[in-house]
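Since the structure comes first, as C-alpha cells, the remarks are kept for the end.
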Amino acid sequence: MTAQTAPAFPHRHLLGIEGLSRPDIESLLERADAAVALSRQVEKKRTTLRGRTQINLFFEPSTRTQSSFELAGKRLGADVMNMSVASSSVKKGETLIDTAATLNAMRPDIIVVRHHAAGAVHLLARKVDCAVVNAGDGAHEHPTQALLDALTIRRNKGGIEGLTVAICGDVLHSRVARSNIILLQALGARVRVIGPSTLLPTGIERFGVEVFTNMREGLKGCDIVMMLRLQRERMNGSFVPSVKEYFRYYGLDGDKLALAKPDALVMHPGPMNRGVEIASDIADGAQSLIREQVEMGVAVRMAVLEALATHLPNG
C-alpha cells in the first residue's frame, strides 16, 4: 500500500498517541513505509508541501528530532524555518500564548513544537489556525518517537502483535516511555517496564504493564529491549546512588541481554549515555536497531506531515 492509498488520517493535529485509534496508527505506519522507500532513492523529494511553510519551534535543545523534522519537511517540498528560542522573544518574557499569536500572524501551515512543560503543545494548538505536531512536551508524550519505534520493530519482526517489549530505565521522566506504552499496547504487544522504584511512576500498573524492579527477571523472554536515557537534567533529588551503581543493576550489557530471547533486538531513542544505561558493545552490536531508528525517524515525520497536509486548505 502506498502513501497515496493509505487510509485517510482523521486528525488535524498530532498531539499525542493517546486518542489515536489502531487504524489511525496503522495508517501513519503505512505512509511511513512508503517514505522509507522514497528516502532510499537517489531523488528523495516529493511536492506534497510545496508552497507550504513549516515552523520548527523548540523550547528544549534537540539535535536529532529537530533535524529529522527539518529534513522531513524539506523532502516534502516545504519551506522550513527553525525558530531559535534562545534568541527569541520567549527568552525576553513573552508568554506561550503571545508566541502562538505571533506565529499565527505569520500564517504558517504547520508548527512542530517541543516544550519542557506537559500540555504546552495542546495549549498552543488551541491558539493557532494551522496544524500542530507535538515533538515532545515535558514528561507527557513524544508521539513521533513511538511511531518510529513501532515502524522499526514492525520492519524487523514482521509485526508487533504478540511481542513482549521491555522498556527499561528512567521511566518516570520519559515521554518516550508513555507514548510507547500506549502505542505498543494498541498494536497488541505485551509491555513490561523495568527500573528502580525511584524511577518508576506511582501507579504505572494502571496502564496495563508488567512492572519489574529486577532487570534480570524483567528481561526474561523479551523480544525487544528498549533502553531509556537517564535524564539527570530533570532530576532535582537523588534518584540513583551513582552512575556506576546504576549501570551495574540497570545498564544493558551482554550478560543481561542474554536473558532475553536469542533473537531479541535492542533499541534506544537517543541520545545514549554509553556506560550508563547501555554498554558500547551492545549499542553497536548485531542486535542493535539504534541506527535504523534514526532512519525511520525521518520517514515517520514525513508520514505525519503528509497526513496532516490533507487537512490544510486545498491540501
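Positions of Cβ are set from backbone N, Cα and C atoms, glycine also.
Going by what Swiss-Prot states, the carbamoyl phosphate site holds ARG64, THR65, HIS142, GLN145, GLY270, PRO271, and the candidate of ARG22, ARG31, ARG107, ARG114 recorded there is ARG114. Distance from the CA of HIS142 (carbamoyl phosphate binding site) to the CA of ARG175 (L-aspartate binding site) is 5 Å. Spacing of HIS142 (carbamoyl phosphate binding site) relative to ARG229 (L-aspartate binding site) is 14 Å (Cα to Cα, whole number). Largest Cα-to-Cα span within the carbamoyl phosphate-binding set ARG64, THR65, ARG114, HIS142, GLN145, GLY270, PRO271: 16 Å. Considering other CB atoms within 10 Å as the measure, the emptiest surroundings among the binding-site residues THR65, GLN145 are those of THR65. In the structure as shown, the Cβ atom of PRO271 (carbamoyl phosphate binding site) sits within 10 Å of 10 other Cβ atoms. For ARG64 (carbamoyl phosphate binding site), the count of additional Cβ atoms within 10 Å of its Cβ stands at 15 [all protein chains shown]. For the binding-site residues ARG64, THR65, ARG114, GLY270, PRO271, a Cα to Cα distance of within 10 angstroms from ARG229 (L-aspartate binding site) holds for GLY270, PRO271.
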